[in-house]
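J.: One structure, as structure tokens, below. Some questions next.
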Amino acid sequence: MRVHYLWLLLILGHVASARYSSANDWTVDHPQTLFAWEGACIRIPCKYKTPLPKARLDNILLFQNYEFDKATKKFTGTVLYNATKTEKDPESELYLSKQGRVTFLGNRIDNCTLKIHPIRANDSGNLGLRMTAGTERWMEPIHLNVSEKPFQPYIQMPSEIRESQSVTLTCGLNFSCFGYDILLKWFLEDSEITSITSSVTSITSSVTSSIKNVYTESKLTFQPKWTDHGKSVKCQVQHSSKVLSERTVRLDVKYTPKLEIKVNPTEVEKNNSVTMTCRVNSSNPKLRTVAVSWFKDGRPLEDQELEQEQQMSKLILHSVTKDMRGKYRCQASNDIGPGESEEVELTVHYAPEPSRVHIYPSPAEEGQSVELICESLASPSATNYTWYHNRKPIPGDTQEKLRIPKVSPWHAGNYSCLAENRLGHGKIDQEAKLDVHYAPKAVTTVIQSFTPILEGDSVTLVCRYNSSNPDVTSYRWNPQGSGSVLKPGVLRIQKVTWDSMPVSCAACNHKCSWALPVILNVHYAPRDVKVLKVSPASEIRAGQRVLLQCDFAESNPAEVRFFWKKNGSLVQEGRYLSFGSVSPEDSGNYNCMVNNSIGETLSQAWNLQVLYAPRRLRVSISPGDHVMEGKKATLSCESDANPPISQYTWFDSSGQDLHSSGQKLRLEPLEVQHTGSYRCKGTNGIGTGESPPSTLTVYYSPETIGKRVALGLGFCLTICILAIWGMKIQKKWKQNRSQQGLQENSSGQSFFVRNKKARRTPLSEGPQSQGCYNPAMDDTVSYAILRFPESDTHNTGDAGTPATQAPPPNNSDSVTYSVIQKRPMGDYENVNPSCPEDESIHYSELVQFGAGKRPQAKEDVDYVTLKH
């Protein structure tokens, strides 16, 4: 309990000390005095800082004519504004912005700016701004100066204003309030200055509203003239185009003395007198003493008669000479500096002085424009001039300048002039020489060689000219490097070519003049001989008409003859070579030859290519037309065609397409079946040609022959064995025959039929086929069964109906017929048999045992042929 009491005492002591020190810790900044007038507004810029860094305003009051009540220890007075933080939004930064005429523009942190609108005259005096932040409180006095009428602006001027020096005037008003705008305008002698002119440099306006000052300013920067001295400058305050107040000041412009000079008379004849006066018209500050200085052509005058009077000075010139002509001015000084008068020119009249001539340009180039000027001092100026060329008058030219538009060599010479005015004429002082430069004249190139000039000869040329100013210093030749220079102006050309270009020379001083080109006229044999095809326009085909022309580019002399050669042999003479119907045999290399009296020239060979369809086709067989089977054979289709054959087609002896499009047909490996005739067909862009047939014979190899011989021997051995067995069977048959004769009622019979088969005649050899017929290819075994009809008792229905036909009781009631045809031995397809064909054996057997009636049935015959 005691500890808590000690802590409470410490907290109360801290609060008390904070209250006691709060008066020293508040900081409030605002303008010391604010100015306004009845009906305007006042904006009070204000910044504050509470004793506690994070403290915020809880309450703000604005009192008018406030007092402190010592009894209640509170401030009393008219409350113009009272705002307290709201319970709904205690953290808000702004209070209620406006109460009556007062608007709070600050916040709860550091801004206490206020605005009173409209302001009243009775608002003058002190306002009290009461601010509370927690336990901290503060009363800040604010002084207002409100007048019933708008007060005048102030104008700040520099201490001294000088003419032509830039100065700045400042018009200010200790007033600025947003929502009540004012304008500051400048006037010079009641004329508003609205824009930048030659004398007005700038007009700037600014508004300042800070915690230190509140004012509106306008600055006028200009360069005053001396005539602006004493003029009024006015600054006017306006609101909504209404003049509120104004202030006027007078300009005190300091300037140098302003002088006026007069000459009487300004034009005087030689030896007369002249009086000049200089008057001081104005000066600020004024001249202490009149001390006037005189100047002629910018130089001070000395030892002249002067008369000084108040504010005036006189200069008297006696017995005026021409040297006294010129420009005069006077000068006087004050504390600012010297002032000068304008210049006046004194003219002294006299007769022309001796003249001289100036030539422009000199020396002159031929063709240039030349101007000659006659220089003769005179006053008044000379009105008439007489020009002389080589001391002879030039009629028609009476001006000061003599102009020659295009000078030529004959214009060269000495020139002089004579000037004249109303006081008399002058004299000729000295002559001027006109020197006209021109390039060499009449330049020519001369050939100093024998003519005619032949190709390969040497030629000498000389460059000559008529006149030149200045003299010729060098020569040039065109084309450059065409020869060697023997000496200046002489050129030697070694081995002149047939196409030598024309040669010209130039003689040069500071300019070059070229001679006309001289043609060497070199004689030479015909050049660039060539063969031209006149017709046809496109490719040449057999049967067309062809016309060739012999052409050449150059020939000197021009008379020529033409000759034609084919493959080096002379064909005919003439410019044209014609083929009525060209053939392949006309193909070859053609040259045309052109000759003149100098020599002959042969053209390059021109190849005449005649296009024609394939011809002379034939089939060549490699390695030969008789080839053993198993090897390979290559058939080539040889032809004559232009252009070459692009597609080949091969056919066999039967005319069948072998589907080979190449020039060569390869057969590998060869078989006997490849034997036959072959032909080829070739096609190019012109047409198609076909070869006659060529025969290829393929014979058996020894291996094949051996195999077939062995097969034949085996077959013969088989026949012999069968023959032996046949004899045995025959013998057996003869034995059984006697027994069969005893059986009369027997219907069975057995017999052999021998049938000799005629051998097919071998085919004759031909180019398409070789060999003979081979019976072994037709080996057959024939077999037949003859069934006997059944007895009549069983023939109750259709014999062909399977339902009523009963099978025979046994297989003995049948007839068997067979043919055995033996395979021939040693028979080959392409070898004739060495012995006749063995005959075939036919065997049949008819057997029927038992007695009784035959069953009546439809006789059936089954016949079977077996081939192997």
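Backbone N, Cα and C define each Cβ position, glycine as well.
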J.: By the record in Swiss-Prot, which of S205, S209, S587, S747 is the one labelled phosphoserine?
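T.: That would be S747, per the phosphoserine annotation in Swiss-Prot.
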J.: What residue among C41, C330, C374 is stated in Swiss-Prot to be the disulfide partner of C177?
T.: C41
J.: Swiss-Prot tags one of N82, N384 as N-linked glycosylation site; which one?
T.: N384
J.: According to Swiss-Prot, which candidate among C171, C330 shares a disulfide with C235?
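T.: Here Swiss-Prot pairs C235 with C171 via a disulfide bond.
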J.: Do you know which of C463, C550, C592 Swiss-Prot records in a disulfide with C505?
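T.: According to Swiss-Prot, the disulfide partner of C505 among C463, C550, C592 is C463.
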J.: Could you check Swiss-Prot and say which of N271, N810 is marked as N-linked glycosylation site?
T.: N271
J.: Looking at the ranges 721-726, 781-786, which is given as motif 'ITIM motif 1' in Swiss-Prot?
T.: 781-786
J.: DSSP on N145 (N-linked glycosylation site), three-state: which is it?
T.: strand
J.: Can you tell me the three-state DSSP label for N122 (N-linked glycosylation site)?
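T.: Looking at the DSSP assignment, N122 (N-linked glycosylation site) belongs to a helix.
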J.: Taking only C-alpha atoms and a 10 A limit, tell me which of C278, N281, C374, N384, C550 are near C463 (disulfide bond). These are the recorded positions.
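T.: Among C278, N281, C374, N384, C550, not one has a Cα sitting within 10 Å of that of C463 (disulfide bond).
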J.: Using a Cβ-Cβ cut-off under 8 angstroms and a sequence gap of six or more, which residues of the chain neighbour N595 (N-linked glycosylation site)?
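T.: Those within reach of N595 (N-linked glycosylation site), by Cβ under 8 Å and sequence separation of 6 or more, are A525, P526, V560, R561, F563, T601.
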J.: With helix taken as DSSP H, G or I, strand as E or B and everything else coil, how many residues of the domain 'Ig-like C2-type 1' (153-250) land in each class?
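T.: Final tally across the stretch: 3 helix, 56 strand, 39 coil.
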J.: Over the domain 'Ig-like C2-type 1' (153-250), work out the mean pLDDT and round it to an integer.
T.: 92
J.: Can you tell me the CA-to-CA distance separating C592 (disulfide bond) and C330 (disulfide bond), as a whole number of Å?
T.: 106
J.: Looking at the recorded positions N271, C505, C680, which has the shortest Cα distance to C112 (disulfide bond)?
T.: N271
J.: Is N271 (N-linked glycosylation site) helix, strand or coil when read with DSSP?
T.: coil
J.: Rounded to an integer, what is the Cα-Cα distance in Å between N122 (N-linked glycosylation site) and N145 (N-linked glycosylation site)?
T.: 10
